[in-house]
Amino acid sequence: MTNIRKTHPLIKIINHSFIDLPAPSNISAWWNFGSLLGICLIIQILTGLFLAMHYTSDTMTAFSSVTHICRDVNYGWLIRYMHANGASMFFICLFLHVGRGLYYGSYTYFETWNIGVILLFAVMATAFMGYVLPWGQMSFWGATVITNLLSAIPYIGTTLVXWIWGGXXVDKATLTRFFAFHFILPFIITALVMVHLXFLHETGSNNPSGLISDSDKIPFHPYYTIKDILGILLLMLVLMILVLFSPDLLGDPDNYTPANPLNTPPHIKPEWYFLFAYAILRSIPNKLGGVLALVLSILILMLFPILHMSKQRSMMFRPLSQCMFWILVADLFTLTWIGGQPVEYPFIIIGQLASILYFMIILLILPTISLFENKLLKW
C-alpha cells in the first residue's frame, strides 16, 4: 500500500514542506524564527478575527467598542491584549529573523530575501493601520502625522493625502478604509509567506557555516519539528507573561484618551517597533528627504545581495565583519531610543549621527571590511 502522505496531491505538499524536507544538520536556534513568525501570524489572524466580530469601525463608536470588548466580551481583554502584544512579539521575531539573515548571508538567496523585504513592508503597513483602529489620541495623531508625510511627494502629494484620508482630515472614511485594509492585508501576507517558502524550498535552508550542506541533510521531522515546538513554547511563555502581567508595558497611555482633533498630544510617537525608522525620519530637517530616508532605511535591505563583497557567505569566520554587524545592532538600539525622545538637544544630534552611521555601515563600511578580509586571507 502506498503512503497517503506521499501520494495525496495536497498532503504531499505539506509532506515536502514540513515532514520529509531535507534540512541542514547544523542549523542553530536562529533558524527557529521562521516558524515562530508563522505562529505569530496565526495568533494575529485568529485574535484579530474575534476582535473584528465585536469592533465597529466608526469614529463615534470605535473607542467605545474596544472598551466594550475589554469589559463585556468573554475573555475580550485577553483577546485584545494578545493581539496588541502579539504584534510586538511578531516584530521581535521579525527583527531577529532579518538579523539572522544578515549575519549568516542568507540574503544570497535573493528571491527569498526580496519577498522577505516585501513581507516586512506589508507587516509594517498592517501594524500601522491596526494602531489607528482603537481611535485613541495616539491612533488619531499617529495616522495624521504619518499619512501627512505623503504630501512631501512632489506634484501629487497633497492630492494623494486627501485621497487616502477620504476627506479634508483623518475622519470616519479614513478609519473605515484602514479597518478594511487591516483585515485584508494579513491574508495577503499569508499568500506572500507561501511564495517566500516556495522560493526557500527551491534552494534549501542556509546554515551557520554558510557552506553547501547537501552532503549532510536530515529530515525536518522529527528533528526540527520538536525544536520548533520548544521555540513556540518559549514564545507563548513570553507573550503570556506580557499579556497577563503587564499588558500595557509597550503601549502608550495617550491611547486611553479618545481621539480629539482639537488637542494635540505633547509627544507624538509610534509603537516601539517603528521608533528606529521614526528617528531616521526626524533626523533630516527636510520633509521629502526625511520621507525618502524613512523608506530607504528598510528598502536598503534589498541592496545586501549586491553589496556582498566577501568570498565567504556567512560572518561566522569573519571577526571584523562581526564587529561591524554588532555596532549596527547597537546603532539600531540607539535609534529606537532616540525615536522615543522629544525633539531637543542633545537627542537631535545623536539621532542624526546614528542615522548617518546606519547608512554608512551598510553602504560603505561592511563592503570595505569584506574586501579587506578577502585580502587578509589572500583570496
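Residue numbers in this text run from 1 along the chain shown.
Positions of Cβ are set from backbone N, Cα and C atoms, glycine also.
The model shown is predicted, which means the values in this text are computed figures rather than measured ones.
Here Swiss-Prot flags H83, H182 as heme b b562 binding site, drawing on similarity to another entry. Positions annotated as heme b b566 binding site by Swiss-Prot, on the basis of similarity to another entry: H97, H196. If you look up Swiss-Prot, you'll see H201 marked as ubiquinone binding site. The transmembrane segment feature in Swiss-Prot is assigned to 33-53, 77-98, 113-133, 178-198, 226-246, 288-308, 320-340, 347-367; the stated evidence is similarity to another entry.
Structure with Swiss-Prot features highlighted.
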{"residue": "H83", "record": "heme b b562 binding site", "contacts (Cβ under 8 Å, 6+ apart)": "Q44, T47, G48, L51"}
{"residue": "H97", "record": "heme b b566 binding site", "contacts (Cβ under 8 Å, 6+ apart)": "F33, G34, L37"}
{"residue": "H182", "record": "heme b b562 binding site", "contacts (Cβ under 8 Å, 6+ apart)": "G48, T126, M129, G130, L133"}
{"residue": "H196", "record": "heme b b566 binding site", "contacts (Cβ under 8 Å, 6+ apart)": "T112, I115, G116, L119"}
{"residue": "H201", "record": "ubiquinone binding site", "contacts (Cβ under 8 Å, 6+ apart)": "H16, S17, L21"}
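Sequence-distant contacts of the transmembrane segment (226-246), counting only residues of its own chain at least 6 positions beyond either end whose CB sits under 8 Å from a CB of the stretch, comprise 29, 32-33, 35-36, 39-40, 43, 78, 81-82, 85-86, 88-89, 93. Packing against the transmembrane segment (113-133) from elsewhere in the chain are residues 48, 55, 57, 62, 66, 87, 90-91, 94, 98, 101, 106-107, 139-140, 142-143, 146, 174-175, 178-179, 181-182, 185-186, 188-189, 192-193, 195-196, 199, 270-271, 273-274, 298-299, 301-302, 304-305: each is 6 or more residues past its ends and has a CB under 8 Å from a CB in it. Taking Cβ pairs closer than 8 Å, the transmembrane segment (178-198) reaches residues 17, 38, 41, 44-45, 48, 52, 55, 57, 112, 115-116, 118-119, 122-123, 125-126, 129-130, 132-133, 143 in its own chain, all 6 or more past its ends.
Within its own chain, the transmembrane segment (33-53) is flanked in space by residues 69, 79-80, 82-83, 86-87, 89-90, 93-94, 96-97, 100, 130, 182-183, 186-187, 189-190, 193, 228, 231-232, 235, 239, which lie at least six positions past its ends and keep a Cβ under 8 Å from the stretch. According to DSSP, H182 (heme b b562 binding site) is assigned to a helical segment.
Within its own chain, the transmembrane segment (347-367) has Cβ neighbours under 8 Å at 279-280, 282-284, 293, 296-297, 300, 303-304, 307-309, 321, 324-325, 327-328, 331-332, 334-335, 338-339, 341, counting only residues six or more beyond its boundaries. The DSSP secondary structure for H83 (heme b b562 binding site) is helix. If you look at the transmembrane segment (288-308), the same-chain residues 6 or more away from its ends with a CB under 8 A from one of its CBs are 98, 102, 105, 107-108, 110, 113-114, 117, 120-121, 124, 149-150, 152-154, 276-278, 280-282, 355, 358-359, 362-363, 366-367, 370.
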